[in-house]
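What TrEMBL annotates here:
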type     : residues : note
TRANSMEM : 6-24     : transmembrane segment
DOMAIN   : 6-79     : domain 'Glycine transporter'
TRANSMEM : 31-52    : transmembrane segment
TRANSMEM : 64-84    : transmembrane segment
DOMAIN   : 93-164   : domain 'Glycine transporter'
TRANSMEM : 96-113   : transmembrane segment
TRANSMEM : 119-138  : transmembrane segment
TRANSMEM : 150-166  : transmembrane segment
TRANSMEM : 172-190  : transmembrane segment
């Protein structure tokens, strides 16, 4: 199992749990709970594949990740009381881990394809946020990417750092994951915001 696989699993578990939690929060049926979990987990990767490219085999040959997602969603359904008391907190924690893992994974994918730094940034943003945006639109929630807490900035910085360094960034992937996951968690715990302009 290589680094790419590890980040894919982290992101899949985090987003599957998060998507399932949000569907349960909306009191949707079991089909919708699984659908939301799967869309949140795989939607960003599918969009990234359309925009950035890559192997069709890689896109569709994800049985292991699909199984991981299904098990994660089933866990939420069977043991909701383990997380329901602090649902919003856990949703944000899971989102932080998932979005950073997928941002790094998306960056790696673009670097492997020898794409320029700008494409690495786009790949990071789409992979990290695409599934969440689909989920939020379907559940009629404000897209978290557009929320008040700092969110997209961390993804953009990951893409920029990895895009500029290229393959030289690979030894620092886990450090980037720890640092930016911590920054994302601090963003909602301490209510960090970027300045806004009104007219």
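Each position is counted from 1, following the chain as shown.
Every residue, even glycine, has its Cβ placed from backbone N, Cα and C.
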TODO: Quickly jot the same-chain residues contacting the transmembrane segment (96-113) by Cβ under 8 Å, restricted to those at least six beyond its ends, or write none.
DONE: 3-4, 7-8, 10-11, 13-15, 18, 44-45, 48, 52-54, 119-120, 122-129, 131-132, 151, 154-155, 158-159, 162-163, 166-167, 169-170, 173, 176-177, 180-181, 184-185, 188
- [ ] Could you tell me what the rest of the chain brings near the transmembrane segment (119-138), counting residues at least six beyond its ends with Cβ under 8 Å?
- [x] 15, 19, 22, 36, 39-48, 51-52, 95, 98-100, 102-107, 109-111, 144-145, 152, 155-156, 158-160, 162-163
Task: Composition by DSSP (helix, strand, coil) of residues within the domain 'Glycine transporter' (6-79) - done: 64 helix, 0 strand, 10 coil
- [ ] Determine the mean pLDDT over the domain 'Glycine transporter' (93-164), rounding to the nearest whole number.
- [x] 88
